[in-house]
Amino acid sequence: MNESPHFSVLLQESVESLVVDPAGTYVDGTFGRGGHSRAILAKLGPEGKLFGIDKDPEAVAVGKALEAEDSRFRIVHGSFADLKHIDLLQADFAAGGLSGVLVDLGVSSPQLDVAERGFSFMNDGPLDMRMNTEAGMTAAEWINTAKQEDIAQVLWEYGEERFSRHMAKAIVERREIKPFTRTHDFAEVVKAANRKWEKGKHPATRAFQAVRIFINRELEDLRQLLDDSVSVLAPGGRFVVISFHSLEDRMVKRFFRDQSMGKQFPKGLPVTEEMKKQNLKIIGKALKAGDTELTQNIRSRSAVMRVGERLG
């Protein structure tokens, strides 16, 4: 299986924002093919430690090879949503917390470009879409069994697809004739049901995004990480998030705002000072890829990086 090269987005900017203590303990919550992790290790001293996390067994295999190269690195097969409960990190939590956490929420080029993974409408393959190919329901299994109203809800909520109901109806009508098994097949049905294409965007883009997010519980996982982030960071520790679509970025932006300003509550509610506490300081402005990076990697065009620092 030939993989496309994966360019880590905002690599220099994210690592420089993350590594504030070369002797600290860090987490790369989306290891992928190790681009960010290798850059982090290059900035760490001999006492520094880095833990990589990934759902994808293929990414974990790459991480195992990096473990053999560098004793400061360990790979964990799982989700960053479980960060707080990872056994290997409990000693660091007990000792005061992590020096930094980085997550790059984008789908990697190998996942998108390898047809067998089923993420892309550009390459025909099995309609799978699972980040963790060893567990959970495939996209085909869900699409072929879900209620029409549930499909419409997913397309609307996770893809912001305005023709969600029309598409869901077309999907259900077609699966009654023949179940979906291939990405191109699904893309063609969605494409035909898209009444008005967005300029410069494939008509199946939003539907594929929506199903992928739903199958992999991407927003639920992100919400859990945001909820746990302050408690796992040491004072002065950095939280770096790179998001790729508005659903993710809105969640991250709102979280950083609430944690930096102190959460706002309606008047009259019984609110404690702890509930209104400022937990994060926002570092710099939201950052996007520059012209040079865009030339090298067009997929970085929608990336937005936000950085927060844990207050004591």
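Note that Cβ sites are derived from N, Cα and C of the backbone, with glycine treated the same way.
The model shown is predicted, which means the values in this text are computed figures rather than measured ones.
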Going by Swiss-Prot, G34, G35, H36, D54, D104, Q111 bind S-adenosyl-L-methionine; tell me which of F80, F163, F180 is listed for that site too.
F80
Judged by the number of other CB atoms within 10 angstroms, which among G34, G35 is the least packed of the binding-site residues?
G35
Just how many other Cβ atoms lie inside 10 Å of the Cβ on D54 (S-adenosyl-L-methionine binding site)?
28
